[in-house]
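TrEMBL has this to say about the protein:
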type    : residues : note
BINDING : A:Arg365 : substrate binding site
DOMAIN  : A:26-216 : domain 'Aminotransferase class V'
MOD_RES : A:Lys198 : N6-(pyridoxal phosphate)lysine
2 protein chains.
Amino acid sequence: MACPIKHPTLLIPGPIEYDEAVLQSMSHYSESHISSSFIETFSETLSMLRKLFQTEDPSSQPFVISGSGTLGWDLVAANLTKPGDDVLVLHSGYFADSFADCFEIYGIRATQLKAPIGSCPELAEVEKALREKNYKMLTVTHVDTSTGVLMDIKSLSELARRISPETLIVVDGVCSVGSENIEFDTWELDAVITASQKAIGCPAGLSISMFSGRAIKVFKARNCPPGSYFGINPCNLKLLANSSTASFKNWLPIMENYEAKIPSYFATPSPQLIHALHTALAQILSKPLPARFKAHRETSQHVKEAITSLGLKQLASRPENQANGMTAIYLPEHIKASELLSSLYKKDVIFAGGLHKDIAMKYIRFGHMGVSVVSAPFLAFSDTLLINFLDGPEKK
Amino acid sequence: MACPIKHPTLLIPGPIEYDEAVLQSMSHYSESHISSSFIETFSETLSMLRKLFQTEDPSSQPFVISGSGTLGWDLVAANLTKPGDDVLVLHSGYFADSFADCFEIYGIRATQLKAPIGSCPELAEVEKALREKNYKMLTVTHVDTSTGVLMDIKSLSELARRISPETLIVVDGVCSVGSENIEFDTWELDAVITASQKAIGCPAGLSISMFSGRAIKVFKARNCPPGSYFGINPCNLKLLANSSTASFKNWLPIMENYEAKIPSYFATPSPQLIHALHTALAQILSKPLPARFKAHRETSQHVKEAITSLGLKQLASRPENQANGMTAIYLPEHIKASELLSSLYKKDVIFAGGLHKDIAMKYIRFGHMGVSVVSAPFLAFSDTLLINFLDGPEKK
């Protein structure tokens, strides 16, 4: 059930509208972070994440840590790569630039394979790049929130495994987990990082991720950075990860213990947020995942057809690269994004402006994920409203 | 008002019991993180933090970031120190060890000044250490959650300013902000880091901190680490902080903008947690701060007198080093901590076990912070219960 308190409907590509039961879980009375009741909740939450990511491999490891989606980048860069490593970053919008920045902070060489706005690197280009250099890691933004471009993770992973089998495959799934199909085991992924506030449908504040047994092995086999720090024994275990907040050394035992229902402490988790995540995941898993992804595809298709029928274009130019949880729409010349968003706001519907800095004023973004998709009449109203606004001025 | 849902009363030194209005704010309907309504809330929250920390200096900067208290250590280590710097860590329990570990991860030499369990380094020892070496920073755990030892920040700061005026003074206030008086400006502090779930009384999930203008200047004047990273231009701005999640370069403009009510984006904050923090801070500031600290002192005094009258000892040996928000109590030989905690749990009251690894089984911890202190009858009940349990077996 959608939140019953009257408020403007939030249809941006995250944070999304939350189910009432999820919001009520946020008000859970205070519990100790090492109480058996909370450990039970945390353990079940981690187990449910395995189902959402479709992994049955016991060597995979889910992580849930207080933080935002960006923390996932630190987890990857601080633990799975070392200063001097080469990483290939596939660019389909704003967020690849930021992930590349994060790598550079850790002294890792990030090579971006860029595509024009609205598209993504071709498989042939990725193949060429992988043949040219030995990359420790390949990163892919599954859905770029700034452009709504969807990348085909399955094909990319097959390609990478064939050309460069040692390369770790890392997916930025912040805007895809919960709305796009992700088969962690079958696609042989090494890491998928995400956040709570998008298609998973839990308020912001949690970094959520899944790492493969292979990724964990790479961390455990990690040597220390080559003479990185002045005056410190370079084989000091503490240097295994060059960040404290993001260190697997700190977090791995905690996640293993919580899932095994053993009280454990590194930093205090947020029981309230984890209760809300538990509620959100239980709702998602109460129905078959394929049905959930189908609902997102159908809703998305409906929106995209309406947009196309008005003669409008999406940023994502090819149908196979259009995300199912959001649509980024180029506005007609005579419609100003700020005015459109204000008009819609007066009708109690919130869409998002552009985020890709080169064309930010020329487009808007419409998020259709989670409860908004399940609760169809409510979405259909907003959908119709947007279409009317976009259609209206031209007819006049 | 305390949470009305029946549940065991949580009297551990954090997370604490939360006020019902704070918990209700956690269920706030979804808002965009760049909406004017949320920006208003975030801006007011940052302004209220200035009041809680008693700073009127406009060059001070509050930070609120999704994360746990540990993130504060990363903020300090990644931004205010550089590999090779020397830091003096005053040790009064478990948490100084962890802060020192965090510094080492960043390549900073942490020298710990240790004291026996239950006490803290003497001013004369600190003076000697500061005269012997040029320390970039002095860190102090205001109240160590593992021991309940309170350090005299005012005197330490006066000493450090006199002996080594360039040394930055950093306070770990995770277990003190909201229950102990902290005069950021008057005491000339450079950083106080804390978390939401203790005496501030907002559910866990937020790292909260205040930095002085001097600390911000140190960050801005920061050179790059000396040849730390292979193959990267050592004067690359991106290397200013060696962590992405904790980087002032990423966060400083965001905090400045939110307070100035300018939409801004680096990572998605948690509107729900920030609403809850707003509610908690508004409640704290609705009464004069001195009255709040007096209430904590009086409650603490009451607990400590009862403990003493039973012939029991606290970990914190000297009255002037006893925290006002918690009490760590050595158990009589014949009382097992686990059995005591179980018996109390059956009466719906939760106290915490020991945390200091050398003596963890020999003591318990009693948190008396925030709503538990304000809501006196409720605390008095638990208080009496504990005393009865401690007193009972001896009488029998």
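Backbone N, Cα and C atoms are what each Cβ position is placed from, and that goes for glycine too.
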Number of other Cβ atoms within 10 Å of the Cβ of A:Lys198 (N6-(pyridoxal phosphate)lysine) across all protein chains: 30
Length of the line joining the Cα atoms of the residue listed as 'substrate binding site' and A:Lys198 (N6-(pyridoxal phosphate)lysine), in Å: 14
CB contacts for A:Arg365 (substrate binding site) [other CB atoms within 10 A, all chains]: 24
Segment-level pLDDT (mean, integer) for the domain 'Aminotransferase class V' (A:26-216): 96
Where the residue listed as 'N6-(pyridoxal phosphate)lysine' falls in three-state DSSP terms: coil
